[in-house]
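Undergrad: One structure coming up, written as structure tokens, with questions to follow.
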């Protein structure tokens, strides 16, 4: 990231332990280095064999696996499903440019080498209808295993934090994110209420009218001045702006 204003967002700060398996579509995306796999990003299971994550999480030179049904990373709980990713099954949005995170399109799809086994601890995320826009202050939750504070450790247990949505009208004001934020993004947080942000690539979970949860955002970036910077909410790729691309990519692969 060459931009002075942003960096990959990788923490839930001032969050809380999630209820185990409550965000049952949350995955850990891990890359291989020196014979071991390391957590790098979050993601959401949107089909039995497809995960959505952030474009900046993917490097085509790396080998990845996905862990589903995870809660406490330090314990083998028996619910985990570890699924390898084949090299040709990483689909980063064609307009993603790693030198311009503010340009948007920070989204990628990962095809699993086999289908997940769905159950109470591994479920599919619901996606919003195309074009759906959240109202200001919508009570969304971020989730992830990101760092607990800047430069700090990764937590063992999945964290969550309430991040109210900041609508485009507010988030694009000059003293907030200004022109950095685009209409294809969602802002949430930006004050001290909930602290910070979750793993890059992970979900912004928002309640739908029927009481279910929908993944409205893919965690993209935060302020370089730190996590819970006033008027610098966490910025997410707006999933409802990319429904067509998601559908087309899955259908053709």
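Glycine is no exception: its Cβ is also placed from the backbone N, Cα and C atoms.
These came from Swiss-Prot, pasted as-is:
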- 41-57: disulfide bond (DISULFID)
- 100-103: disulfide bond (DISULFID)
- 140-206: disulfide bond (DISULFID)
- 171-187: disulfide bond (DISULFID)
- 196-227: disulfide bond (DISULFID)
- 12-251: domain 'Peptidase S1' (DOMAIN)
Undergrad: About how far apart, in whole Å, are the alpha carbons (Cα) of residue 171 (disulfide bond) and residue 100 (disulfide bond)?
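TA: A Cα-Cα distance of 19 Å.
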Undergrad: If you measure from the Cα of residue 140 (disulfide bond), which of the disulfide-bonded residues 41, 57, 100, 103 is the nearest?
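TA: Nearest candidate: 41.
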Undergrad: Around the Cβ of residue 187 (disulfide bond), how many other Cβ atoms lie within 10 Å? Please give the count over every shown protein chain.
TA: 27
Undergrad: Which whole-number value in Å describes the distance between the Cα atoms of residue 187 (disulfide bond) and residue 57 (disulfide bond)?
TA: 19
Undergrad: When a 10 Å sphere is centred on the Cβ of residue 171 (disulfide bond), how many other Cβ atoms does it contain?
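TA: A 10 Å sphere around the Cβ of residue 171 (disulfide bond) contains 23 other Cβ atoms.
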Undergrad: Can you tell me how far the Cα of residue 206 (disulfide bond) sits from the Cα of residue 41 (disulfide bond), in Å?
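TA: Cα-Cα distance, residue 206 (disulfide bond) to residue 41 (disulfide bond): 20 Å.
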Undergrad: Do you know offhand how many angstrom separate residue 100 (disulfide bond) and residue 57 (disulfide bond) by C-alpha?
TA: 14
Undergrad: Could you tell me which three-state DSSP class residue 57 (disulfide bond) falls into?
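TA: Note: residue 57 (disulfide bond) is helical by DSSP.
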Undergrad: Rounded to the nearest Å, what's the C-alpha distance separating residue 57 (disulfide bond) and residue 103 (disulfide bond)? Just drop the number here, would you?
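TA: That comes out at 16 Å between the alpha carbons.
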Undergrad: Residue 57 (disulfide bond) has how many other Cβ neighbours within 10 Å of its own Cβ?
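TA: The Cβ of residue 57 (disulfide bond) has 29 Cβ neighbours within 10 Å.
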Undergrad: Between residue 41 (disulfide bond) and residue 103 (disulfide bond), what C-alpha distance do you get in Å?
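TA: Here the two Cα atoms lie 20 Å apart.
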Undergrad: Check the disulfide-bonded residues 41, 103 for other C-beta atoms within 10 angstroms of each C-beta and report the one with the most.
TA: 41
Undergrad: Please report the number of other Cβ atoms within 10 Å of the Cβ of residue 206 (disulfide bond).
TA: 23
